[in-house]
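Visitor: Pasting in a structure now, in structure tokens, and then I'll have a few things to ask.
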Amino acid sequence: MTTDTNQIAGTASSTRVATGLFALVLGAFFVWGAGFAHSAALHDTAHDVRHAFGFPCH
Amino acid sequence: MLVRYLLAALAAGLFVGVLMTPIHYLKLVPLIEHAEVYEQGGHGIAPTHEHQASLVSSAYAHGLSNHQAGRVILVHGPAAAGGEEEGDASLFESRALGTLTANLVTGAGFALMLGAVALLTGHRITLRTGALWGLAGFAAISLAPALGLPPELPAMPVADLSTRQIWWIMTVVMTAAGLYCLVLRRQPVVRAGGALLLVVPHLFAAPHPADLSSPIPPTLAAEFAVASLATGALFWVLLGLSLGAAMDRYVGAEA
């Protein structure tokens with residue numbers, strides 16, 4: 001699997017689901033950090049982006 | 001190759017994050033900065049007085065001194081409480097650098113999530129379908145929550161933050177699930193359920209404050225809401241297209 005260029009459908013579906021879930025959680029973690037975390041440092045850094053995306057802010 | 005799939009999604013997200021930063025600076029950050037003038041100087045002043053002022057640069061004439069040291073409520077609680085520099089706890093000295101970083105992280109995050117949804121539902125994002133995936137993301141993550149909680153400027157009256165965040169997340173999740181059932185499934189019952197899911201979040205009123213009086217001129221707020229949605233649409237279409245292009249290029253051609 002690591003050396004062969006498998007197509008997505010060719011890989012075992014359990015691996016596919018695991019990768020999908022991993023990507024979903026990692027992506028949600030990123031978005032949470034940039035858009036939702038209550039930390040003052042993160043809020044102030046991402047302030048303009050939070051407003052720009054319409055995330056609830058303040 | 002699933003590692004390549006993740007890397008391709010990441011690259012597409014970072015690319016769009018870089019691309020969005022100047023666009024934010026062109027259209028949105030000036031409005032936010034304008035609102036902050038009202039936030040720092042104008043809160044608690046009779047609205048009529050504020051509205052007399054011309055909308056654009058003359059607002060800067062309304063400095064702190066102008067306002068008989070009126071009741072100043074700094075909405076940025078932690079920031080205003082005094083961080084390292086100018087009461088700003090930002091990780092970076094420069095506001096632009098913070099915006100760029102946040103755009104990179106947000107772009108990467110949404111790209112990974114959109115890629116994950118495609119992977120989990122067994123679909124491929126290609127350059128041809130990318131814009132549609134992007135528009136679905138826009139509908140779920142920008143448009144639907146904006147119906148209840150329009151994009152807000154600093155100093156606008158708002159309800160409790162956590163309540164709004166919960167409503168926002170609930171709306172996004174239900175809209176995304178609804179779109180999936182409606183668009184990607186065939187069974188009529190599932191599709192009807194999907195349509196229902198799109199409507200349900202809006203039956204629960206989004207949290208709003210009791211007092212709607214605001215130091216921000218309504219025109220400014222309206223301009224920002226529209227600009228935010230338009231920029232959001234652009235972000236999502238670009239993200240979908242970039243994801244499609246990255247998948248076409250770095251991951252096998254066939255799903």
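Every residue gets a Cβ built from N, Cα and C, even glycine.
Keep in mind that TrEMBL annotations are predicted by a computer and have not been checked by a curator.
According to TrEMBL, the transmembrane segment annotation covers B:100-120, B:132-150, B:165-182, B:189-208, B:220-239.
Mind running through what each feature is packed against?
Guide: Long-range Cβ contacts of the transmembrane segment (B:100-120) within its own chain (Cβ-Cβ under 8 Å, at least 6 residues beyond either end) map to 5-6, 8-10, 12-18, 20-21, 24, 91-92, 133-134, 137, 141, 176, 180, 235-236, 239-240, 242-243, 247.
Residues 110, 114, 118, 125, 164, 167-168, 171-172, 175-176, 179, 183, 198, 201-202, 205-207, 221, 225, 228-229, 232-233, 235-241, 243-244 of the same chain, all 6+ positions outside the transmembrane segment (B:132-150), place their C-beta atoms under 8 angstroms from a C-beta of that stretch.
Residues 144, 147-149, 159-160, 163-164, 167, 170-171, 174-175, 177-183 of the same chain sit 6 or more residues outside the transmembrane segment (B:189-208) yet have a Cβ under 8 Å from a Cβ within it.
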